[in-house]
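What follows is a short report on a single structure.
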Amino acid sequence: MLKAVILIGGPQKGTRFRPLSFEVPKPLFPVAGVPMIQHHIEACAQVPGMQEILLIGFYQPDEPLTQFLEAAQQEFNLPVRYLQEFAPLGTGGGLYHFRDQILAGSPEAFFVLNADVCSDFPLSAMLEAHRRQRHPFLLLGTTANRTQSLNYGCIVENPQTHEVLHYVEKPSTFISDIINCGIYLFSPEALKPLRDVFQRNQQDGQLEDSPGLWPGAGTIRLEQDVFSALAGQGQIYVHLTDGIWSQIKSAGSALYASRLYLSRYQDTHPERLAKHTPGGPRIRGNVYIHPTAKVAPSAVLGPNVSIGKGVTVGEGVRLRESIVLHGATLQEHTCVLHSIVGWGSTVGRWARVEGTPNDPNPNDPRARMDSESLFKDGKLLPAITILGCRVRIPAEVLILNSIVLPHKELSRSFTNQIIL
């Protein structure tokens, strides 16, 4: 028997995802047509022996999250439950706090997945590796170039046994080109080191004259408190993958992740990809169109376009490398490139909404998405354009490399600006 835990964080996280995270929790943001964590759940549900999927985070269990859980249980015929932390507990604190729920039924092992990663999730291969070794911790790793590796947790492995000999989270100097993917497979014994960290935190933080538990003791960071401490002790191993992988920290990385998932649909979900039909819009490359969307026959879509529920796309519209969210309207002859159009937004006739992609270097097979910074030397850096919820763009204007916060009605063109 197996279980899976998806760490979804909380509203104090995902600030780089604004203004998109104003409307829905970041883990529910649509990537390639479905909520971000649905890709995780689909992968977990395909592992033989999977009995339960647990979501752990600090979000309030509001209506969108509750509806998603109900729909996921029906679609995958698996218990999918949300466990809310009493406070933000870090990447390992929630695992220890809810250890009884995780270990209920005596699972052989349990997967732990961070919500903000895009991957092909080689979970079955990880399970095979785990069953050969039977060690407490198995990490999924991939490679990055020397410069970008400093932005991730870096792993030094024994190339023969794949034991993790050294682990450093975001080192200041080059350690290794093997990086942590944020996807793990733990044995039940893996919770014992978390207990040790909790007890040590309790001893360090407790004052002599303050009875009871120190509230900060429950905060446990898997990367710094567990992986770094146990590396080289024969407990942590790494499974390397050369499949797709990317973090989803910002809106720009969500657009890149959408492209990766759309390309995977050719093998995993070909029914989700739109096809050119007589009397329908022209489709170029991988495109997702929700069944309720209305798209004019003269529109040209793709590559790498995702169109959400209830979207209206008018005559002569050109869409490329973009996400158009629920209820948005693109009027006649608009052009949307490298952008995200928010829920219920309207782009007027002959308007142009365009951003600048921040993709990995295509000439470097180990390149990853750079950590996006909005500003450099006091200037807004070119990036994808984001229209927040219910933004109105008038006809015949240009919105270039800009971020428009929700409920704004513009009257002119903007370039390289954040419109508050």
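Every residue, even glycine, has its Cβ placed from backbone N, Cα and C.
The annotation GDP-alpha-D-mannose binding site is assigned in Swiss-Prot to E85, Q247. Cβ neighbour count for E85 (GDP-alpha-D-mannose binding site) (all protein chains, 10 Å cutoff from its Cβ): 18.
Marked as region 'Substrate-binding domain' by Swiss-Prot: 2-251.
Feature annotation from Swiss-Prot assigns region 'Hexapeptide repeat domain' to 273-420.
Annotated region 'C-loop' per Swiss-Prot: 356-384, in sequence order.
Around the Cβ of Q247 (GDP-alpha-D-mannose binding site), a 10 Å sphere holds 21 further Cβ atoms from the protein chains shown. According to DSSP, E85 (GDP-alpha-D-mannose binding site) sits in a coil region rather than a helix or strand. The region 'Hexapeptide repeat domain' (273-420): residue composition by secondary structure is 0 helix, 55 strand, 93 coil, according to DSSP. In the predicted model, the region 'Substrate-binding domain' (2-251) has a mean pLDDT of 90.
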